[in-house]
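Asks: Submitted below is the structure of interest, expressed as C-alpha cells.
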C-alpha cells in the first residue's frame, strides 16, 4: 500500500536489490542510528550515488529498544499517516557492491557471471560449428573449374543464399569479438590484437563483411574451416564456466582429455579441408578422400595410394605434420601427468555410486600391505559384506606393494584408494563420507611417538564426526589415556589396554592370547585337515569356532530351554548341539553378562551369545532318529550311556554350513521325591560286581538355593587369610578388597582388587635396593611363596596398569597371587608409582632383558613367567619386519639361558613369530613352515596358527587384534565380550575367565562332555576350551649342542625348586632335576661313553701316540661339557659376581620336547589327558554374597570331587 507523500519509514528492511549489474544498499542515519533502506518507488529504484533527502521527518515516539513496525503493518499510520517524522533532517546514502557503469554491467553479464557467460559461450560455440558446417555445404555444392592454376585456389563458387547466411554469421561473430575486446581491454591494445583467436576471427569475418560493399569478392575463397580452432577455444571456456557454475573442482582430467580430443579433431579437420581445397588445382580430391589421406598420414601408416600432387598441398602436409609433432606430445604429456596424479590421489567415489551402493571408509596414516590384507580378508570373510566397497583414505602415496595387490581383480573391483586427508572436507566429500556405512580410523603403531599418532587419530575422528555425524565410527587408539577423547565413537579399541591385559592373563591362563586371537579371526575350520598329524587336524578344526548371537525365542539351539537356568541350558545345548553358551543380554539391559550363573532364568527375549563353528542361521539340522517322546518334567536330559551313545557335535561343511548330526538321546525319568534332581549318569557295572565308576550329579533345570554351589571366592579367601600357613609365620599382611584409589588415566574401568591396607612407600617398590623399611635387595630375600611374574617394558606407561589389575582382581584367591616385577628400561614417574603403590607384591626395577645382570637381580630364576612387551623405540625400522630383530635375539638368548622359564613375547610383525625358539635343522619345524605356506595359498586368514610358539601362547602380536575392530562392524558385541574375558571391564553379575588343571586323579571324568556336566552341576562354571600339552621329540642335527639325555651324567646335583625357594606352592609345572653323580647314573654314563669315543676317532692317525692320547683326553673332556652346561656355568658365575645365591638356578628344560595348542569348544566326546588346562568362565562371586554362609562354605568342596574326597584337590591355576 503506498505511503502518503513525503513520508518515509526508517524501519525499511534491506532486501538486497540486485539488477542491472549493480546492487544498492541505502542507509538512513538518524541520531547516530543507522537503518538499511531500499530505494523507494519515487526514485525509480535507481541508485544515483549518495543523495540528500530534504523531506526529513522527526520521529518523536520511537521506542529505544524495539523498532516500530513499518507503516504498512501499523493501522494507526495507515489512517493518520506517520506524522512523527516531519521535522527530522536525515541523509540517505546508497552504496553499490559493483561499479554502476554501463561497461561494468556488460562485463558482469558477458564475463563475470558464470551462468550468463556460459550461455554466451555456448552461443559462440554454436556459431563456430555453424560456420564449419556451412563450409562443408559450400564444398559439396562447389563445381571447380578444370585445369591447373591459382584460379581454383583463389576463387570458389558460392551460392547467394549460402553467402547471405555466412555474412550474417560473420557480422554477429565480429560484433561479439569487438565487444569482448572492449570489455577485456586493460590499457594495452596490442596485447588484444595479436592474440591468436582475434587474428582468426578477423580472417574469417572481415572478408565477408567487405563482400557486402564489394560484390566481385563474393566468390573469394575464405578459410572458414579455421573456425574449428575457435570452436575448440570456445568449448574450453564453456566447460570451465560450466564447472564454475556447478562448483565442481575435480575436473582437470576431464578437461585435458577433452582438449586432446578436440586438438586431434581440429588437426584432422584442418588438414582435410586444406588439402581438399589446394588439390582443386591438382587431382581434385573429395572431402572423404582427403579425410582418408589425413587419417592414414597422422596414424603414420602411410599407404601411398593418395598423395598430394601440387606443392602448396605438399607444403600444407608438412606444416600439419610439424604442428602435430609439436602440439600432440605436449597434450599427451599433460594428460599422462594428470593421469599419474589422479592415480596417486585416487580420483573420486561418485555420488551416484555412493547412493546406490554400500561402502565403508578406511582412514589410515600410512597403509602397509599387512594392514590392508588383514582388513580385506577379515572384512570380506562375512557373506553379507560381499557387495560392499572399501574406500581407503590415506594422506600418503600408494605403496608399490599395495598398488600391486589392488590391481588383482579380486580387489580392484571392490577397493578404491584415495589420497587425501580426513581433516579436509574436500577429501571427505570425495570419499562420500556422509553416505558411508562406517568409517574405520586406525592409528599408525609404527610411529616412534605413539602419543602423536593418537593425537592424529583423535583429530581424524573429530573431523569425520563433524562432517558426517551419522556415520558410525570404529576407532583404534594406542594409549589408554587418549581413549576418552573418542568416547563418542560407536566402537573403540585401545591397543595397550588389550595388550597388557592379555599378556597378564597369559601368566595365569596359558595361551589366552592364542585363545582370543582365534576367537576374533574368521575361519572355516578347514585349516590343517589334510595334515597327517592328529593334533593339527583337531587344532585346526576347533580354531573355526567363533562367537555368535541369536535371540533365544528364535533359536533352535536354546528355544526349548526357556524358563530354565542358564547353566542347565549351557550344558544341554553343548551336549545336544555341540554349541557353548557363554553369556546373554537382557532385552531391557544393554550389559552383556558372561555366565550369569544358575540363578539366571532364561527368557524368550534374551539374546544368547554362544561359541560354535558357524552361526545357527547357516546350520542344517539332521536327525538320525525322530524322537517320539516329549521331553517334559525331566530334571536331567540326554544321559550318557557309554561311548557308543555319545552325541556327535557340529560337523564342518566346506561352504560354511554345518550339519548338526543329532543322535537320539533318551531321558530316564527321575525317581520320585527329592524334587530337584536325583538322576545320575547311568554308568555300566563290570560283571555285576557292584564296582562302578563315580557318577556325576545332574544339572538342575532351576537353581536350588540349598544345592547351589558357585565357588564364592570371598569366603574362601577369608578363610585362607584367617589361617595363615606355617611358612608365612607372623609376617602376614592382611589385604583388603576395594577399588584402586588412584587411576593413572581417565576412562579406566573400576575393578574390585586386592589392595594393601596402607599404601606402600615408593622406596619399598624398588626390588633391588633396600630402604629404611626393609633391607631386601634381591628376590630370594623376600621369600615369596609363589613364583614371580616378570614383565619387561621400555617405559612405565599407563597401559602397564592394566597388566596389574587382572592379576590382583578380587576373584583371584589370595594364596594364588604371584609377585609382579616390572623390569623397566626407564625409571617410572611419580604418577605411575602413585597408581601401583596400593597393590600388594608389585615391584619395579630398572634394567633390560638384554642384560643378564638385570635379569638375575630381578629374580628370573624364581620366576615362572617372563613377559617381554614390545618397545616403542624399536617398532619402526628402515627395513620392513626388522623392528623385532633385537627382541627376537634377546628372547632366544633367554630361552637358552633359562629353558624352564615360560617366556611370552610381543612382536610388532606377526610374520616374525617363525623365528621364536628357532631350530635351524629341525625337520619338524621345516614341515610346519611348509604347512603354513600351503594354508596361506589356500586363502586361510590364520596361516600362522600352526607355528609352535603361537599355538603354545608363547608369542603374540597386537596387530592380530585388529580384526576385533573389523568384526565389530558385523558383531557389535565382540569388543564388550573380549573386554569381559580379559578383565578390562567388570559388569555386576558377569563372570570372568580362569583356568583349572586336570591331574591324574581327575581322569575318571574321561571326556570333555562329562567335565562340562561336572562343572555345571557342582560349581556352575562353563568350560570353553582346553590347553593341551603333548610330549614331542624334535629331531635336531646340531653338531655343537648335546641332547639332554646324552649329557645328563655331567650335571651337578640340584634340589627341587621348592627346597630352594621355600615352598613352591604356586608352580604350575612339576619340575624335578636328577642327580648328576656318575656313580648314581651308570646307565647314562654308559650311553655317553660311546658318543665320546666316536668323537675321539676323528683324531689324525699320523700324530704321535702320546700327542694322540693327550688330544683324545682333551676332546673327551671338552665335548662332555655340553652347550647347556656352558650356559649354566656362565649364569652361575654372573650370580656369584653379583653376590646372589646360585642354589635357585634350574637347569631342566621343560619346553624343549613338548608342544602345546588350544582347543576351543572341543566335541563332548574329546578324551581328557593329563596336564590339560581347561578354560573356564566362572560366575561372579559378588552376585551370590547374599546367600547363606553355610552354602558358601560348601561351594568349593565339590569341584571335581569323586567318591573319595581325600584324593581330590583344587587344581586351579
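The backbone N, Cα and C atoms fix where each Cβ goes, glycine too.
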Asks: Of 1021-1050, 1051-1080, 1081-1110, which span is tagged region 'Disordered' by TrEMBL?
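Replies: Region 'Disordered', as annotated by TrEMBL, spans 1051-1080.
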Asks: Which one of these stretches, 633-663, 664-694, 695-725, 726-756, shows up in TrEMBL as region 'Disordered'?
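Replies: When 633-663, 664-694, 695-725, 726-756 are checked in TrEMBL, region 'Disordered' belongs to 664-694.
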Asks: What else in the chain is close to the transmembrane segment (284-303), if you only count residues 6 or more beyond its ends and a Cβ gap under 8 Å?
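Replies: For the transmembrane segment (284-303), the nonlocal Cβ contacts are 136, 139-140, 144, 267-268, 271-273, 275-276, 317, 320-321, 324.
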Asks: For the transmembrane segment (315-340), could you work out the same-chain residues 6 or more beyond its ends whose Cβ comes under 8 Å from its Cβ atoms?
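Replies: Those are 252-253, 256-257, 259-260, 263-264, 267, 270-271, 274-275, 278, 294, 297-298, 308, in sequence order.
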Asks: What else in the chain is close to the transmembrane segment (122-141), if you only count residues 6 or more beyond its ends and a Cβ gap under 8 Å?
Replies: 156-159, 162, 165-166, 169-170, 172-173, 176, 204, 224-225, 227-228, 230-231, 234-235, 238, 269, 273, 276-277, 287
Asks: Suppose you look only at the domain 'RCK N-terminal' (357-493); what would the mean pLDDT be?
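Replies: Mean pLDDT, the domain 'RCK N-terminal' (357-493): 90.
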Asks: Tell me the residue counts in helix, strand and coil for the domain 'RCK N-terminal' (786-926), as DSSP assigns them.
Replies: 55 helix, 29 strand, 57 coil
